[in-house]
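*Asks:* My questions will all concern the structure given below.
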Amino acid sequence: MGEYVKVGNLQVAKLFYEFMNDEVLPGSEVNKEKFWKDFETLIADLTPKNKALLARRDELQAKINEWHKEHRGNFDMEKYKAFLTDIGYLEPEVDDFEITTEGVDEEIAVQAGPQLVVPLTNARYALNAANARWGSLYDALYGTDAISEEDGAERGDSYNPVRGAKVIAYAREFLDQAVPLKEYSHKDAVQYAVVDGKLVVSVEGGSTTTLKEEEKFIGFQGNPENPTAILLKNNGLHIEIQIDRNHPVGKTDKAGVKDIYLEAAVTTIMDGEDSVAAVDAEDKVLVYRNLLGLVKGDLTSTFTKGGKTITRALNPDRVYRTADGKEITLPGRSLMFVRNVGHLMTNNTILDANGEEVYEGIMDAVVTSLIMKHSLLGNTRYLNSRKGSFYIVKPKMHGSEEVAFANELFDRVEDMLGLKRNTIKIGVMDEERRTTLNLKNCIYQVRDRIIFINTGFLDRTGDEIHTSMEAGPMIRKNDMKTSVWLQAYEKSNVTIGLAAGFQGRAQIGKGMWAMPDMMAEMLKQKGGQLKAGANTAWVPSPTAATLHALHYHQVNVAEVQNELRKERKDYRDEILQIPVAVNPQWTPEEIQEELDNNCQGILGYVVRWIDQGIGCSKVPDINNIGLMEDRATLRISSQHIANWLHHGICTKEQVLETLKRMAKVVDEQNAGDPNYRPMAPDYDNSVAFQAACDLIFKGYEQPNGYTEPILHRRRLEAKAKYAAVQQ
C-alpha cells in the first residue's frame, strides 16, 4: 500500500488525493476543502446503510439455504413462494406507474441502436469505442467472416477485388432494403446528386429516380451536383454514402461510392466494473483519469501498427447541409455512460474514520459524477449530453431497497456537488435474482432518474445457481440458455419495462454477443434480441457495432414494442422454476466435459486478471474460439462447479486434476504473450492458479457467488509479489 494523506478523519491515498486536487477539482466549481469535508460526511452517513444491505443479503441466503435443506426431495412451489414472501425476498408489488425521467438524450430515448461496453483501464479501446458512433460497413464486411471466403473471396494481406465486389454487392443490397429507390436498384446507380431539394439518382441508360420515401434523405456534403457524401436516415439511424471517384475503391465503382458509413454504437458504457481489474489507488486513478480525458475530450493513445506511429483521439462532430441549404451537425461520438461498481466491494484508496476501507460504490458515485460535471460546465472539447444529464450504470443490486439506496446516494452526491436533482441518471442492471423478481419495485425507486434496464445471462445465472445452491445439482451450463426461468427472465424484463413507460424514454437492453470473430453467426442471431423488444444490445467491438446496426434497419423496434406493450403477463412463477437437474443421468464423460469447459474458461480469464491486471480480453475457449470475457464468466463457471462439488456430482480431486490439466492448455494458448507467466508445473507458486482454485473450492461461501473478493485479494498479492521480484 502506498502513502496516505490525513484529510479530516479520512486517510486518502496520496496518489488519489493529488489527482483529485490537481486534475478533477479545478474548474468544477466545487471548493476543495468543502469537497473533502462533505465526502467524509457522506461516507460516515452511508457506510452503515451499505453494511446493513450486505448483511441482509447474507441473512436471506442463509434462510434460503436452510429451507432447501429441509425440503429436499419434497419441493412445493406454493410453499416456496409463501416462504420467500414471508422473509421479504418476494416484495409486495407497487401499483402501476410510469417513469417520469426528464432531460434524456435522443440516443437513449429515441434512437434504437447498438451499445458498446469497454474497459476504462485501456485508453485505446475506450477511444475506439467512443468513436464507434460511426463505422465503415465496407471494412466491417471485408475484414470479418460476415462475407464468406468461398469462390476466391479470401481475406489476404493485400486487397482482393473478388472479395471487394462481394462486399459492395452486399452493401448495395442493404441500401435497397433500408433506403430503396422508387424504381431501379442502388446497384444500377451511376451518380448521386441533390436537385431541387431531392436526392436524384442517375442509373445506367440515362434514367433518373429518387428515394421511395423521400423523407429519408437528410443532407449532403460537397456540391449538390457532385456531393462527397449523402446522408440518409432509416428507423432513426443514419447512413452515409461516401463518394470519391479518385479513391481506389471509388474509382472502380460506377457511382464513385468509396464506402458506406453506418451510425453504429449510439451509446457506449465506459466501464469501471466487470471489465476492469482495479484493486487499489493506482488502478482506480487510471480508471478515473481515462474517464476525465474522455469527458474533457483530451484523451489520446499512441501506439505502433505496421511500423507506423498512430495517435488516437476523439472524433469531431459531422457537419452536413440539408437540401434547403441549412447546416446540421451530428455527433461524431457515442453517448457515454459510465458503469460504477456495485454495493459489495471496498477499496483501500480511502480509509474512513475507523481506518476501514471505504465502499467503492460510494467512492465511484462521487468521483465519476464530479468528473462528469465538467461536461455540464463546458470544460470540454465536445459535448457528451446535449440535455445536461449524465448517465451512471449501477450493477449487481438485489431488490428494491438496494436500488433505493443507490437513489439516496445519487441524491446526496448531487447535493454535495451542486447539481440539480436527477442530473445523474441511472441504468439498472437486472442481473440478480431478487431484482428480477421485484423489477417493477426496483424501477419505482428510481422512477425519476432511470434511463436503462438490461439483462445478462452470465451474472444472472451465477446468482441463480448460488441462491438455490442447496436445492440440488444444477443442469449443465449450456442447457441454462433454453431453461424455463431464463426465457421468462428475458421476457419479463421487457414486459415490465414497457409497462413502466420505457418506450420513448429509456433503454431496454439485452446481453453481449461474446464471439467477436463470429460475425456471420451474429448477423444471423442477434436480430432476435430486437424482435424480443430490446432497443439496444451489447456488442464486443466497434466492428460488431457496425454490423449489429444492420439489425436496427431490418427490425423497426418501435413497432415491435408497440405490439409487446399490449402484453401484461406475470412471469414470476416461471422465473422461480429452479434449474435443478431432476435425476441426472450424466455419463462420466459428460461430467468431465463440463468440468474441462468450465475450468479452462476460469483459468483463461483469471490468469490475465491476476498476473497482468487485464479485466476484459478475448480469451480462447476450450475449442480455441475467442470469447470476449469479463468477470461475469467467472461467476457462472465457478458457481457451477461449486454446486456440482457440493452435491457430489464430481470430487475435489477430480476438479483439481482438471484444473492442472487445463492450466497446461491455457499456458499453451498464451505461449505467444511475452508478459505471460505459466501456471504449470509449479501450481503452488502460481497466484493465478491458486485464485482459480479459491473461486471453485471456496465458491459455496462467497457472498452471492461473487468473484471480486478473491480476485482482489489475489491480485494485490500478485502485485506485491511481482514488485518484490523486480526490486
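Residue 1 is the first one shown; counting continues down the chain.
Using the three backbone atoms N, Cα and C, a Cβ is placed for every residue, glycine included.
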*Asks:* Among Ser148, Ser158, Ser275, find me the residue Swiss-Prot lists at the same acetyl-CoA site as Val117, Arg124, Tyr125, Arg312, Pro540.
*Replies:* Ser275
*Asks:* In whole Å, how far is Gly456 (glyoxylate binding site) from Arg312 (acetyl-CoA binding site) when you measure between their Cα atoms?
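*Replies:* Spelling it out, the Cα of Arg312 (acetyl-CoA binding site) and the Cα of Gly456 (glyoxylate binding site) are 31 Å apart.
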*Asks:* Taking the Cβ of Val117 (acetyl-CoA binding site) as reference, which residues of that chain separated by at least 6 in sequence fall under 8 Å from it?
*Replies:* Thr268, Ile269, Asp271, Ser275, Arg339, Met512, Trp538, Pro540, Asp630
*Asks:* Would you mind ranking the binding-site residues Gly456, Pro540 by how many other Cβ atoms sit within 10 Å of each Cβ and giving me the lowest?
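*Replies:* So among Gly456, Pro540, the binding-site residues given, the one with the fewest Cβ atoms within 10 Å is Gly456.
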*Asks:* Just the number: how many Å between the Cα atoms of Cys616 (cysteine sulfenic acid (-SOH)) and Tyr125 (acetyl-CoA binding site)?
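*Replies:* Distance between the two Cα atoms comes out at 11 Å.
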*Asks:* Check the Cα-Cα distances from Arg124 (acetyl-CoA binding site) to the binding-site residues Glu431, Gly456, Phe457 and tell me which is shortest.
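*Replies:* If we rank Glu431, Gly456, Phe457 by Cα distance to Arg124 (acetyl-CoA binding site), first place goes to Gly456.
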*Asks:* Can you tell me how far the Cα of Gly456 (glyoxylate binding site) sits from the Cα of Tyr125 (acetyl-CoA binding site), in Å?
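*Replies:* So the alpha carbons of Gly456 (glyoxylate binding site) and Tyr125 (acetyl-CoA binding site) sit roughly 22 Å from each other.
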*Asks:* Which one of the binding-site residues (Arg124, Arg312) has its C-beta surrounded by the most other C-beta atoms within 10 angstroms?
*Replies:* Arg312
*Asks:* For the glyoxylate site made of Arg339, Glu431, Gly456, Phe457, Leu458, Asp459, how many Å separate the two farthest Cα atoms?
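*Replies:* Comparing all Cα pairs, the maximum is 18 Å.
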*Asks:* Please list residues from the chain of Asp459 (glyoxylate binding site) whose Cβ is under 8 angstroms from its Cβ, counting only those at least six apart in sequence.
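*Replies:* For Asp459 (glyoxylate binding site), the qualifying residues are Asp274, Pro395, Lys396, Met429, Glu431, Glu432, Ala632, Arg635, Ile636.
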